[in-house]
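K.L.:
Can you keep this structure in mind? I'll have questions shortly.
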Amino acid sequence: MKRLYHKVLAIVICLMIVGVIFPRNTLASTIPLAPTNLTATTVNSNQIYLSWNPVVDATAYYVYRATSPDGYYTIIASPTSTNYTDSGISPSVSYYYKVTAANSAGTSSDSAIVYATSNNSNGAPAAPTNLTATAANGNQIYLNWSPVANASYYYVYKSTTVTGNYSLIAGPTTTNYTDYNVSLNTPYYYKVDAINSAGTSADSSIVYAIPTNSNTALSAPVNLVAQAQSGNQVYLTWNPVVNATYYSVYRSTSYGGPFAIVGSPSSSTLMDTNVSPNTTYYYKVDAVGSTGTSSDSAIVYAITNTSNIALSAPSNLTATPTNSSQVYLTWSPVNYATYYSVYRSTTVSGPFTIVGAPTTSNYTDSSVQLYTTYYYKIEAVNSAGSSPDSQIVSTTANFSNSTLSAPTQVSASVVSTSQLCVTWNPVSYATSYYVYRATSLAGPFSIVGMPSTTTFTDLGLSSNTTYYYKVVAVGNAGTSSDSAIVSASTTYTNGAIAAPTNLIATVVNTSQVYLTWSSVSNATSYNVYRATSASGTFTVIGTSTTANYTDTGLSTGITYYYKVVAVGSAGSSADSAIVPATTTSTNGALPTPTNPTATALSTNQIYLTWDPVGNATSYNVYRAASPTDTYTNIATTSTTNYTDTNLPANTTYYYEIQAAGTSGLSSFSSVVSAATTGTSGSSTSSSNTSQISSQRLAGQDSYGTSAEVAKAGWLTSYYAVIVSGETFSDALCSAPLAQKYNAPLLLTTKDSLNEDTKAQLTRLKVKSVFIVGGVGVISSAVEQTIEGMGMQVTRIAGNDSYETSVKIAQALGQTTQAVIASGETFPDALSIAPIAAMKGMPILLTTKDTLPDSVKTYLKGIQSTYVVGGTGVISDAVYSQLPSPTRLSGEDRYDTNISVLKAFAGQLDFSTCYISTGENYADALAGSVLASITNSPVILVSNPVEQSTLDYMGSIAGSINKEVVFGGTVVVPDSVLTSLNGSGNASNTISAPTIATASVVSSSQINLSWDAVSGATSYYVYGSTSSTGTFSHIATVTTNSYSNTGLWANTTYYYKIQAVNSSGTSQYSPVASATTSS
């Protein structure tokens, strides 16, 4: 019996070990996970060593490299081990890497991006700069210095005299160090060296610090809170500071300052009453005591409101009878009034009754009687109440309008781009005239002048606009009938077309400068101006019909300044920026660019690369239709790559590259060529594809795509909204804010302003920028760069992304509806972003199970909410706390997207549909504002496209005229568009498999087979553990069979199949199922 017991026990233990070591796979793709813990270590000036954690089931890895974090990554190796040494790189260059794992089932998503900088091949690093020493308290001195390129670590030296012996006290790898081995009131001197494998730098400059009594330093105030109490009060509170005798409170109207003291309270509160309504104020506080002043507190802000501002009484009230049954009232506008109450009486002492409530500062009383005297007074009104009464005025309706003749010979003539002059013949017995204006013949007409002469000049008009006028005579006998209507159009203004941008002046040789600039829409020619000083007299030196010009016959070694003006039928543009160029003293040429490559990316894009050229500041890209044809300069770029877009399909193009720099131009590179791919689908098909035009808005990355969206939607913009391109939480709520200010939504990295975004801010002539998120998301360096461009910056940020969503909601103004979305995942918020922007609804973020306090407080003023996403992202516990909630959800992000579109279908215009990947947030977010302008939907897609999306696109296909894709073919392939458009016409869609069978092989394997479909090039296999659940894409095969392995025993699995070819994907096959054995 014991022997039997031991045998059973051994079997049980073996089964437990097998279960631990060999767990069953769930039904999912067998594609490996992304590699983790990727590190990059500089070996020397031409080697960087990479390593990462192994990935289960990976048979190989792909190593990608770029020279910028958001640049173009290329595969440089495919090792089977978890390390790789990148050799042959250039010295003193930062390289960025990412790795994917691969096996026979496919390739994983990308690892995190890391970077390393190769050593300087010339030897030891430079000496550290900007060394500072700060006595933190009685027993610490804190050292900090600027990073040194190629330094592996640093040596920190200390002495008690400036010329004494310095001892090595530390070797940190970071650019700071805290020295704890110090004594009170003793000076300490420090210097730092940088170290790498090539040697040691020279010493830094010497700095010193003296530790003081540790009891003298005051702590900075913490928990500073600013609350707007009204339109003219902000209440500040903070935690008291030990040993502080009073506090200095500083205020500014921008985050970056300057700050000025607004109070010195002895307690830890202050009511700031010297503020203006509807203004953002920034505050910081210092503690002050007998031992000195603390460092600054954190900076906070508050926005004053206008809801409870006491209103002043309306002034300058006048009452004028316009005919026998009308009295026209006007008065001066009152700040912060939302409307006015107009009171009337037939006696000066009343009683007065309300006869109107206009929102403008004028009113026509049309219910008066002839020969009756009326008395009027006005009150201004807002949510805080009513103002005092205006003064009382009176008038008598004592005439009819039949006695004065209508003015004749009325004419309107142009004075300037913003002025028109209206004249007419005098009318007998007229004492004055009413001049009416409209922008259409049918009106409505409004009074714009009441002259006593027969001439009126209308000022402040828009350029290139037609205005319509009529005139009425006014006299003691009343008013005449209307004159005939006349019209005139203002002229174009100077600058009616955009000014040229991206002007570049390149020295060709000792006597020539080559100018290029970006083409201007509607320009027919360009005038090129030159001067010998930036502030000197510019003269026209030439006219060009293309966006380039060569200035010849110049003197050697002279600096010339250039600007360009675009000319068109609308007039002339403003001047471009001024750029200088200095002719060389001797002819000197740059080396020729080497290793040019041309690669077709899609049906309309070719990607070019070449090696960098020393001392080149830019590169000119030339293109021709044949090797012997004339090559045309199509672009000038500062990078060593360029994407040529908007090309016709199935066409070969030839390219050559020229380097440009201060020493002139290089000779041309060797010629390279590439052919765009053929168009997808059949060119003779009568499917929906042939009826729907398409456009792709794409850059090299998400930042470039947001820039292309801005180009497509805005010629100029006073405002712009900038969000993070690296983290989604704050950015998700920004679309309604951008739509309110009719502003493009642009992306940036945290620590530096993205160059594509910077170029758009300049092109759009932006004056005011909203930054969404705190300095942990978008740094103050980005803010300072924008301010340095001459633009006002307003940062909207809370303590976390949930509070930031509330801050944005407050900036939108009053509303009765709001959207609730997850702050932990992005797709659901993206689905409703353009609709929320269109309807002016704020998007508020929540966690799955807890409604944040800041959101809960804001919702007290909201009447109804839309909850986007199922209980897996927003629980019923949160849902139950929301005002009049409506849940919009689906089985996955794509099904939720369709649910949102169906809910608002009656308010959307489907003639233009915007398409974006549902796998990242940036493209759809940037495009959501553009879509909201035309009330258009944004369709989120996967690859392959989910069936629910295909079905919905098929149902609305008859309404679609155009599709606009956000992003390049990497994120939304052309095959996705083919699938979407094929769904609207069954005759163009491949047939679905009609018979699918599932056969059990073992406890862990099921074999699938189905009938082959004519014309199919592959098949998508989907699986689920529920017949009504979500089916996941588990395989793509080229045969009509598949073995699904790694399954759980005694479990039922469900399958369905799609056939695929160049025309798209078929409908699903019937569902097949089987149960694995025990």
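Note that Cβ sites are derived from N, Cα and C of the backbone, with glycine treated the same way.
According to TrEMBL, the record shows the following:
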type	residues	note
DOMAIN	34-121	domain 'Fibronectin type-III'
DOMAIN	127-215	domain 'Fibronectin type-III'
DOMAIN	220-309	domain 'Fibronectin type-III'
DOMAIN	313-400	domain 'Fibronectin type-III'
DOMAIN	406-493	domain 'Fibronectin type-III'
DOMAIN	499-586	domain 'Fibronectin type-III'
DOMAIN	592-679	domain 'Fibronectin type-III'
DOMAIN	992-1078	domain 'Fibronectin type-III'
K.L.:
What does the DSSP secondary structure composition of the domain 'Fibronectin type-III' (992-1078) look like, as residue counts for helix, strand and coil?
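P.N.:
For the domain 'Fibronectin type-III' (992-1078), the helix, strand and coil counts are 0 helix, 43 strand, 44 coil.
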K.L.:
With helix taken as DSSP H, G or I, strand as E or B and everything else coil, how many residues of the domain 'Fibronectin type-III' (406-493) land in each class?
P.N.:
0 helix, 39 strand, 49 coil
K.L.:
What is the pLDDT of the domain 'Fibronectin type-III' (499-586) when averaged and given as a whole number?
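P.N.:
Taking every residue in the domain 'Fibronectin type-III' (499-586) and averaging pLDDT yields 84.
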K.L.:
Residue counts in helix (H, G, I), strand (E, B) and coil for the domain 'Fibronectin type-III' (127-215), per DSSP?
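P.N.:
Helix, strand and coil residues of the domain 'Fibronectin type-III' (127-215) number 0 helix, 40 strand, 49 coil.
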